Each structure stands twice: as structure tokens, then as C-alpha cells.
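Asker: I'd like to ask some things about the structure below.
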Amino acid sequence: MNSYLRGRELLDSELPSIRRGGLLDSSVGRSRGVSFLDEAPFTEDRQRYAHATAPPYARPGSPTYYPRPPSPTQKHMLELQDQVKLFKDELGKKDRLIMQLTSLENPRQRVSYDASKIEEFYSSDRLSATAAAKSDVARLQVKVEGLQAQLREMQAQLEAREDKIRELKLQAETARESEGKQVALVHSLRQKLCEYEATHGSLEGAANRSGVAIQTLQRDNKESQERIVELESRLRTHLAEREAAEQELDVASKKLNDITCRLSSYLNLDGFSSSDLASTEILLQQIKDVVQECAIFKGKEVTLKEHLLSAEAENKASRETIMRLVNESEREKKFSSRNTLEVDNLRLERDNAEAKQRDLQREIDSLNERLEASQRAWTATKRELAQYEGRYTHLDREAHNQSIVAQNAETQYRNMKETLARMLCDDLYKVEPYEEQIREHIQRLQVALREKTAHTSLLESKLASVTEQLSRQADMQRAAERRAKKLEVDIMDYEERFKNFDTDLCTRDVLQDRLKCDKDRYLRILEELMRVMHMDPLARDVGFDMMCDTIVARAAQLQKLETDSLVDRKTHIYNLQRKLKSLKEQLESKDLHLEMLRKKVSTLEDSLANRSSLEREKDDEFVRNRKLTKLVERYKRELGDMHATVRELKARLLESSEIKNESYEKDKIIEAMESRVGQLEHVNEKQARKIAGLQGEVQTTGHSLAEKRQTANNTIHALSSELRTTKGALGEISKRERQLLDFRQVIARMLGLDVNSLAVPDYEIIARLEKLILANKSNVATVVALDTALDDMEDGFRAGYEDASRVLGAVPRARSPMRRMGPPVRSRSLSPRRKRDKRVY
């Protein structure tokens, strides 16, 4: 019975709701951490929250875990939330697609196909200007990046130095504090020494002792002062470094401002200020635009290079023809007799060239016709583009209709919230169609349910309070034993800690001794280095604190002297080598000059001998050559004009081919947009179907919620009636138990047993009653009445009697008043000295 009541007490201490895992609990769990009909509450969060908020006996780790499957309304609400989330995701995707389609409209409007603009774009002046601007922008970008990197490095150095300065300041403050403590210590020690001298009278010994103590304290004070001086010197050096870094940072910022101003002047930005973030962003945007234009010009430059290569090939062919003409003129010089025939040949060639010119004119006419045909095709493509733009506007209109459909879906969602609010309205509370008020109303219902459950738990706890007292006493005794064991364990831990502290102190003493030995060895090494570098008097003047700095300075001085001597030697040798080389070159140039003079003298002598016969021929050939060069130049001009016309025609053909490619690409883009619009229409149809399904599901869920609320109220009323009946039954049982206990005490008193001082067992009472029955055989009616009273007792009393008879080995007897009785049994308790007869007792 006690174990049963203890188990009920554990259950009642953490009473769950009436329907664990039902609709109300789930709704309260969602209202605490998650908004109603929101996207967040899904499986993992819901399981984690249910595990955290569930009582210990309702968790999987507890031995009394009773899992309950979710109710159909809860499943339905979860499915509805999932569908709402999918609907919102699809609406977001549709909005993103509409934004992409609208962004594709703007670049199309910027395209223009003006021949004059293209010619200006290909002009040489624009290309040279863009190339110069590109080089300037690239150089300035490199400078800006370098300066930004320097700025970042300087800022990092400044931060590191500021940290060092803070550390040094802290060290200086600690040193000053320690110095003040030492001065106070010296003062207190002096006072104590004076008191000791006055009390004991040993002035000389006290003076000696105080002198030793003062010397030690002065030594410590001197060391601390030296440490302070060193820290202050380091602080000054760090401050100087910080000032230098700040100056460098100012120089870098000035350079950056200068560069930005130059960039703004190059890019013609009016009202630029380096301190304004908006102007710097505008400058960066302009630089980005220039870089993009440079990339476009690079592509155009590649095409122009291809045209230049083709033009160079044509020029090479023309050069070859010119070289052939030059060779022909040289042949004419050699064969003067054939000049007339060659003139005729040239006339024939002129006629052929005129024929070729006519052929080229015909080709130009055919190319013009082709150009006109390409222009007609271009106009046709323009018309097609206009048609495509009309289709695009139609598609844009359809996208606007889709947005209207999405707004209708939002209004339907709002209407659903209003229906939920109307369903949750009561006579006492009016719920507005807002998520917060709906959540608050559900929380209010849950709180009312909890109050009812708390009331029932209080009633059950009052019933179980009597059984808790014994268990509390046992728990208190166990807690006292646990405390005693814990104190023993703590004592053992403290002993181990004291041992560890002793070992740590020993190790620290050993480390201090080692550090002192290392310090002495280091000082000896420094003295030997000073002796080797001939710095003994300087070491005595400077002291041990500045010894390292002086050694480093001396080593740097020696290295500098050695490097200077080596550099002087190398420069002297290099100057001597240069002088030798210059003298050799002068000698070689003089030898060459003499050889050239000799050759010139010999050629002059030869020319004077042959000059008289060749002068006439030379003059005639010179006149003829001049005429031929004039003809060649005229033909060259005509060829250049023809090449220019051919180039223009090729450029027009290239423009027409580019227009065709662009129209083909636009066709592809329009087809892709049409496919996207079809997909959007399909998605829209799906969303409309889903919205209709969601509306039906919301209506069904509203009806199911009303039904569930009614069933919950019915169950609450039924449980309250059951509780009232159980309370009445418990009262009757307790009353019956008290009556039986009173009846037992009365019988015990009637049999002469002391109930107040002794715990009288049941078998003792039964033995006394049997003895009375045997003694009073004549009073049969009394015995019958006693037997009937025994028959009406509770099952617990009979079970105790049967257990006692089973333990004592008594033989079961019939309950008739006229049964034959066994041997007489003693009515008093057994003496401890006598042996017990198991057959009787």
C-alpha cells in the first residue's frame, strides 16, 4: 500500500495534462516558442520542444514513458502549416522570376544601331584616348591598392604599438606601486627598529641589523628604479615609433587623396571630395565603368588588329608590285634602246589597270546592292524585334495579373485568420483576427485547463500527505549518511591538495635557483664579450643594464667599417676597369677611321677617272626615272583609294553580320522568356488549385476544432464527476478503516491487552478469542455473533490472519460454532527461556 501511494505521489508531483500529446498541449507548445501558422514549427523543433517541456515520466529516458500518437487534428494542422510554407516559397520564386524578366527589359532599350556612332567608336582618336585612359586607370588602381595595403599595414603596426605602450604603462604602474610598497615597508621597518632599540637597549646590534636591512632594501629600490628607467626608455621609443607611423599614415592618406583628386579630374567629376563616402563610391563606379569600356575597347581592338593584318597583307602585295616596277625601271636603265617599247607596254598596262578599275567599280556596285539587301534584312529584323517587344509587353501584363492573383491569395489568408478568430470567440472573450490574439486565446484556454489539473493534483496531494511522512524521515536519514560520506571524501581531497601545493613550492624554489645560476653565467658571457671588443672602460661607465645595447652598437659599427672598406676597394677597381675599356674603344675607333679614309680616297680617284663618260647617261636616265616615278605614284594613289573603298565595304558587311548575330541572340532570349512565362502560368495554375484546397482544409479544420473543443469539455466534466465519486469512495473506505481499528481496540481491551503500550499482533487477539470460546461453550449465541463479525471484516484483516496462521503452522478450522476444538492454547505470550512449539503457535 505504501509503495502504491509513493508511486502516486511521484506521478502527482508532476501532473501532466489530461490528454498528453493532444491538441491543446501542442498548441501551447507552439504558442510559447513559435508563432501560430508560421513557417518555423517543423518536426525537429517540435520534437526538441516536446522533449524539453515534457515531465520526466513522459520522456523516453524515464521508466514510466507512455508514448501517445499525435491526434488527427494535430496532424492536420501540421500538414496545413507545411502547405502554407510551400505556398509562400512558390510565391517568392514567382516574384524573383518577375524581377528577372523586368531586369531583362532595360538592356534591350539601350541597344542602338547608328552607323555614325559606330564610325565614331572606331575612330583612332577615341581609341588612343581610351588606351591612355586605360593605362592611367590601371596605374592609378595599382597605386591605390598599394597605398591601401600600406594603410592597412600601418594601422596594424599602430595597433600593435599601442598594445605595447599599454603593456609598458601597466608595467610602469606596477613598478611604481611596488616601489611605494617598498618605501612604506622601509619606513615601517625603521619604526620597528627604533622601538626594538628603545625596548632592548642594544643600540649597536640594532644599528648593524637595520643597516643590513636598509642596504638590502636600497638595493631592491635601486633595481626597481632601474627597471622603471628602462621601461620609460622603451615607452619613449614606442611613442617615437607611433609618431613615425602616424606621419607615414598621414603621408599615405595625402597620397590617396591626391590620387583620388587626379582620378576625379581625369574622369571629369565635379564637386568631388575625398572625405565624402558618396563621392568616393561615385569615383569607384566611374573607374568600374572605365574598366568595362576598356574591356569593350579591347574586343574592338582585336577586330581592328585583324583588319590591320589584312591591310598589311594587301600593302605587302602592293610593295611587291612596286618592287617589280622598280626592277623594270632598272632594266630600262640597262637597255636604253627599248624605252619606247616599254612606254607602249606601260600604256597597255594602264589600259589593263583602267579595265581592272572598271571591274572593281562593278564589284563595288554589286557590293552596294548586297549592302542594300542587308539593310532591308536589318529593317525586317527591326520589325520582328518590335513584334517581340509587343509580345514582351503582353507577357509583362500577364505577370502583373499574376501579382494580382498573389494579392488575392493574401486576402484569402487574412479571411482564414478572421474565420479562426470567429470560431475562437466566446461569451466572455472576443477574439480579433490577429495572430497574437488567437495565440493568447489558445494560451488562456490552456491556462484554464492547467488550473483544473492543478486543483485535482492538490486534492490528490492532500490524500498522499500522510504516507509521505515516513518516506521523508527515511530520506532524511539517508541524506545524513550521504553528507557524512561526502565530508570524508572532501577531507581526502584537501589532503591531496596540500600535498600538491608542497610539491609545487619545492619545484618553484628549484627553478629560482636555476634562474639565478643562468643570470650569473649570462653576466660572465657579457663581460667576456666586452673584454674581447675592448669596451672595458665603457662597460664600467654604462653598467649592466645598457651592456647589451652597447655590444650591439659596437658590432654594428665594426660591420659598417668593414663593409665601407670593401665598397671603397670595389669602386676603385671598377673605375680603373672602366678607364681601360674606354681607352681600348678609342684605339679601335681611330683604326676604323683611318681605314675609312683610305677607302674614300681610292673611290674618289676611281670616280674622277670615269666621270666624263657616265655623266651624260646618268642625266638622261634620271629624267626618265622621274617620269616613271610620277606614274607609279599616281597609280599608288588610285590603288589606295580602291583599298579604302574595299575596306569600307568590308566594314559594312561586318556590321550587317553583327546585326544578324544580335538578332539571332535576341530570338533565343525571347524564346527563353516565352518558356519562362509558360512555366509561370503553370505555377500560377498550381497555386490556384492549392489555394482552393487550403480553403477547404481550413473550413474542415475549423469544424474539427469545434468538435474537439466540445469533446474536451465533455471529458473534463466526466473526469470531475469521477473525481467526486472517488473522493466519496475514499471517505467511505477511511471511515470503514477507522471503524475496524476502533473495533479491534475494543476487542483487545475486552481481552485484557494493553493497546496503548504494546503493538498487539492479530494472532494474539485471535488466540485469546479462541480461549474465551473454549471457556464459554454454553454461550453459543455469543460465539455465532462473533463469527459473523469476523466474516464481515476486510480482506486485509483476513489476509493478515491467514499469513499469521501460515507462519505459526496452525491447522485451518471450520467456522461452525459446534466444531471440535483442539488442545487448549496458552493465552499469555511465550517466555524467552522456554522453547516454542511450532505445532501450536
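One-based numbering along the chain as shown.
Cβ from N, Cα, C; glycine included.
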Asker: Which of these ranges is annotated coiled coil in TrEMBL: 13-40, 433-460, 573-600?
Answerer: 573-600
Asker: If I go by TrEMBL, the feature coiled coil sits on one of 477-504, 505-532, 729-756, 785-812. Which?
Answerer: 477-504
Asker: Considering only Cβ pairs under 8 Å, which range in 130-178, 214-262, 308-377, 477-504 makes the most contacts with the coiled coil (632-690)?
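Answerer: Top-ranked stretch among 130-178, 214-262, 308-377, 477-504: 308-377.
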Asker: Can you tell me which parts of the same chain pack against the coiled coil (477-504), counting only residues 6+ beyond its ends and a CB-CB cutoff under 8 A?
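Answerer: For the coiled coil (477-504), the far contacts come to none.
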Asker: Mean pLDDT for the coiled coil (573-600), as a whole number?
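Answerer: Averaged over the coiled coil (573-600), the predicted model reaches a pLDDT of 74.
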